Amino acid sequence: MLPTAVLLVLAVSVVARDNTTCDGPCGVRFRQNRQGGVRIIGGQDAAHGAWPWMVSLQIFTYHNNRRYHVCGGSLLNSQWLLTAAHCFRIKKKVTDWRLIFGAKEVEWGTNKPVKPPLQERYVEKIIIHEKYSASSEANDIALMKITPPVTCGHFIGPGCLPQFRAGPPRVPQTCWVAGWGFLQENARRTSPMLQEARVDLIDLGLCNSTRWYNGRIRSTNVCAGYPEGKIDTCQGDSGGPLMCKDSAENSYVVVGITSWGVGCARAKRPGVYTSTWSYLNWIASKIGSTAVHMIQLPTASPASTPGAQASSGSVQPSVRPPWFFQQIT
């Protein structure tokens, strides 16, 4: 049970004052792809500005001044973004990273400066969850402090987080994923174009069942995809958002962080995400309660989470490997 005082402190307004400082409305899509077709795997190119809180996390190599996209992230405000802890298994120094905001297309291994409306920023601090486990992917969540602060505008804006009282995301519902990851499981490079795809939230009991993930799913996870596979996040999408629409506010809420999976787009092996709702207290403790935008979401029914037990730790997920460090030369 979360303290009442924390709940009151974290009842954060989403009313705009100055959008350039990222204090404006959160979760607002500036543009949408109206084609509705369906490559993420099984997705489509996203329109520029469709997901303005999307951030490209790029490894910076000093010997040739080149940048390589390796993970995604979600902008929370002008100074902080949310991503996955496993993105930092090898590269943990702030000087190893560059952040690109407002992008639709990212170029692999470029040494060219970005041009407006894109913005490039450095990293001041990386905060990895204290109980993150690389073997089980428990607590796969991290924060990055941006320097200098990013300026929000037409293609850049903050994402929303769920409020405490929202509870876990409601199942069933159709949500969205986005990223620059692989377009097929055996690809060798990430997609240059931002991809988006609709995915269904999957009951954790089903996701944790014998023929699915067989006890590997934790109560702090969200599963999303389809029983037959075919549409999924993949390598390079890690750290990016799983987003559900709040119909009352007409905003999108980041309910999950792309974490792990067995292969990509396989049947009965949907994407596994870190539930942001489970870590709201942790996020607020690191960046301050007034620094996050929150939106109420429909509460999950009690029947939607049976079988979502914390893993014993003896069963380890076949986590998508840190492929990107082998590809960068």
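Using N, Cα and C of the backbone, Cβ positions are placed for all residues, glycine too.
Listed in Swiss-Prot for this protein:
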ACT_SITE  H86  active site, charge relay system
ACT_SITE  D140  active site, charge relay system
ACT_SITE  S238  active site, charge relay system
DISULFID  C71-C87  disulfide bond
DISULFID  C175-C244  disulfide bond
DISULFID  C207-C223  disulfide bond
DISULFID  C234-C264  disulfide bond
DOMAIN    40-288  domain 'Peptidase S1'
CARBOHYD  N19  N-linked glycosylation site
CARBOHYD  N208  N-linked glycosylation site
SIGNAL    1-17  signal peptide
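Counting in whole angstrom, C223 (disulfide bond) lies 14 from S238 (active site, charge relay system) by their C-alpha atoms.
Reduced to three states, the DSSP call for D140 (active site, charge relay system) is coil. All protein chains included, C264 (disulfide bond) registers 26 other Cβ atoms within 10 Å of its own Cβ. Checked against D140 (active site, charge relay system) by C-alpha proximity, the recorded positions N208, C234, S238, C244 yield S238 as the nearest.
Reduced to three states, the DSSP call for H86 (active site, charge relay system) is helix. Closest by Cα distance to C207 (disulfide bond), from the recorded positions H86, S238, C264, is C264. For the pair formed by C244 (disulfide bond) and C234 (disulfide bond), distance between Cα atoms is given as 19 Å, rounded to the nearest Å. Cα of C71 (disulfide bond) to Cα of N208 (N-linked glycosylation site): a span of 26 Å.
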